Every structure is written in C-alpha cells, then in structure tokens.
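As recorded in TrEMBL, the features of this protein are as follows:
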type	residues	note
BINDING	LYS60	ATP binding site
COMPBIAS	408-423	compositional bias 'Acidic residues'
COMPBIAS	427-440	compositional bias 'Polar residues'
DOMAIN	31-302	domain 'Protein kinase'
REGION	408-440	region 'Disordered'
Amino acid sequence: MQDTENTNEWVNWIEEAVDKEHLKFYKYEEFNKIQCIGTGSFGNVYRANWKNSEKLFALKSFFSLNNITMKEIVRELKIQRQVDFHDNIIRYYGITKLESENHNNYGLVMEYADDGTLRSYLKENFNKLTWDDKYNMAYQLSCAVSCLHNERIVHRDLHSCNILVRNNTIKLADFGLSQRIGASSNFQSKLFGVIPYVDPKSFSRRKNNNNQSTQMYLLNEKSDIYSIGVLFWEISSGQPPFYVEDEHYDVGLVVEISQGLREIVVPDTPEEYVKIYTKCWDGEPDNRPTIYQVVDWLNAIITKSDVIIENHQMSNEQELNETSLSTNNSELQGQLIQNFDKMIIKEIGPMAISSKQENHSTEKDFNIMVDDNWSYVMGITPSTATQVASPISPVSVINPNYSYPIQDEEEEGEWLTEDEQEETPVSVINTNYSHPIQDE
Ligand SMILES: Nc1ncnc2c1ncn2[C@@H]1O[C@H](COP(=O)(O)OP(=O)(O)OP(=O)(O)O)[C@@H](O)[C@H]1O
C-alpha cells in the first residue's frame, strides 16, 4: 500500500513535468523499427526510429516499475537535467510509455550511441586508433567527469561498459540508475565484474578514535579519479584491466589491488600519459589529482604544450611491493576477504543528508552522489563465505529533491560509523562466485 502511494508520487512528478513541458513525452506508437540492442540488470534497451525520420533513439525499458525504480527514474532525470548540455554526456530526450499491461510502464528516451560501449568500441577499433585518438577519448571522458564534478555530482560507477561511444565521441551514461534499482538477480555478479575500476580504499575499514567501532569508506570524487586512471590505461591497451581470456575476477584480485597491484604499462605508451593515469590510480586518494588537473594535463599533451605533473611516482609494478604480496600477510588478506564478503547497499536517507549538509558547506562540497553502491562494508567469518547470494532489496528513502555533499576537505574521504552501517540493508554475497569479464 505504502509502496503504491510512493510510486504514485513519482508518477505524479513525471506527469507534472510532462504537463509543464519540462519533460518531453514521446508517444510510443510513433516509434518504429524497434530493435532490442541490449539488456541491463533492470530492463532492455531498444533502438528505434521516431516518426518517419532517420534519427535513431535509444529506449530504456524496465522489467518492473515499482517505487524504487520510479524514484530512480526521476532521480536520473533530475541529475541528467543538470548536465544535459555537455557533448560527452548521453542526452535524455524525454519519456515514453511502453505498450504493456502495466499502465505506468515508463521508458526513457535517450540519445542513441551507434558505436556501443567503450569496451566494445575498443575491441573493434583499437588497431585503427592513433595516440591522438586515444588522447582525445581520454580527454573527452575527463571533460565529462569534470562537468559532473563541477555540478557536484560524483558518478562512482565508472567503467568501460557505462561509457558509450557515438560517432567516435565519448558519451558518459548510466548515473547509477541500474545499480540503485539493484533488486535484480545478476546485480551482485555485476559488482564483481567491475572490481578493477573500484577505488581500493573502499575495500578497507577503519577503527574510529576510541577503537570501539569500525567505519566504512564512502566513495567520493577521488574514487571517480581512480576509475578514470584505470579507464585511461584501458584506452591505452584496448583491453579490460586484468583481462585473461576465460578467467573471472575474484576476491583474490581485490586483495592484490588493495596491496598495490596495478596494470602493467603498455609498451610504447608516452611517458606523460603514463604519469597521468598512474597518479589517478594512486592508492591514496589525497595523492590523486582533481579532474580539473587531469583535463589540463591532457590538454597540454594534446596541444603539445609543457605539462608538469608534480610528485609523480613511476607507477604500478615498481610501486607494487612484491614482498607484501608474497610474504605472510594473511591477517590483511583475511580481513579484505571478509570485507568483500558482506555487502551493504547503502542509500543515505534525508536525515543523514541534511545533517551532513550543515558540516559541508564549502564550495567544494558535492551535492549528489550518483551511485552509493560501492559504499559497503563486509565483515563476516570465512565460514559464511560460501553462502549463496541473497537478493538485494535496497530499502532506501531517496528524495530526489535532496542533494547531498560528499566530502569535507579536512577529512580523508567519508567514512560511515557502525550505527550508520546498521541503518543500511545488508546482503550476503558468495565470495566464491566470480564474474566473467563482461564482453560484448
Ligand atoms: N543510449 C544507448 N545507445 C546505444 N546503446 C545503448 C544505450 N544505452 C544502453 N545501450 C546498450 O544496452 C546495453 C544495456 O544497457 P543498460 O544501461 O541497460 O545496462 P548496463 O549498463 O549494461 O548494465 P547495468 O544495468 O547493470 O547498468 C548496454 O551494454 C549497451 O550496449
């Protein structure tokens, strides 16, 4: 009953936005040549022509439109409205109502990215790409993220399947919509599929001052920078990170990344480019650059002007302390495995948001977290490691009118206390499960 009432609230929001012409409504029957082009964790994506024009659109449908889904659609539309002007961010044109028995079966009408995801684009085109092309892709991606950060939005789920390509141009997509919805069966396995892109800081926990409780790290804008570093490497290699054919990512990779493992520099990569991405994927968030520095550095490479990247440490393999991987570090490994074992899908409610806003009023505060999903903490005994995954049902209260800040300059990122953790729904995942690297 409650769920229906809430759903109606979001439906009303959409209908009012359409009435007031803030949101364009497309009649579903005016689309033709509709073809399914992909399936995500929450629905299908179709390519379609509109009326008799040659223009192609992407239509995103949803398997079920419940309260959570509706909220997320509204939230996604609101975020999108803030960044709609940017060439490297996928555009949302409006909304449609798909033909179905469910009378509120809304679908999103989006810009169609004819070259698919960055991952598939690299797979198909890598041999043709020059270094200038690669720099441009990296630059466009950093411009898109710079636009988000400038609007106080953190993506927190950047990986090569969330980045689309249209006419060889980067189009950043998916502001956490699918992960927030999250109740689908392949949701958790998807999280494993993106391990290499996730800020390793979030794999750890820390004790508070009096050593009484543990806190978990909340992904923030420096986490986006980490993902950007990995993506830049991917652009230089044409391969997903840590890709081994027929092998899956697993919790062992989490341990190794936490200990400093990074991808190997692709031979002949220009040194300045290596400097940028290795700074971005520094294990310590404070050492990572801002997205604005990244944009400047890439711009300097592209325009062949001088680029000064300060305090650079020459990266990956050298930085990786091999002894720490090979010696008896079982305590740390055990903890990380435990941490990766129990996942909290945390969604911040309005109370937490407003109290934090009081403390974070500087200009550098960010207003919206796009995706809260990697703000998890784990901590069950190894014996539970074989438990079968339970479906995640995030019971969140997200008010799209709220925007929330992320990080105070004084703090090293945001950490959640045990009390805050307790307020969040917990689900157990199977650490023995490993997820195939998504391949398109
Ligand atoms: N605007 C678009 N233009 C072209 N193809 C798209 C577009 N949006 C999505 N796709 C394709 O449809 C597939 C499914 O997209 P969708 O966003 O539903 O899920 P996903 O991002 O792959 O996974 P998840 O649901 O877990 O986020 C994508 O992998 C991509 O190939």
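One-based numbering along the chain as shown.
Keep in mind that glycine also has a Cβ here, set from the backbone N, Cα and C atoms.
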Practice item. Let me know the model's mean pLDDT on the domain 'Protein kinase' (31-302). Key: 87
Exercise for review: Give me the non-local Cβ neighbours of LYS60 (ATP binding site): same chain, 6+ apart in sequence, Cβ-Cβ under 8 Å, ordered along the sequence.
Suggested key: GLY40, GLY43, ASN44, VAL45, GLY107, LEU108, MET110
Review point. Hey, does DSSP put LYS60 (ATP binding site) in a helix, a strand, or just coil?
Key: strand
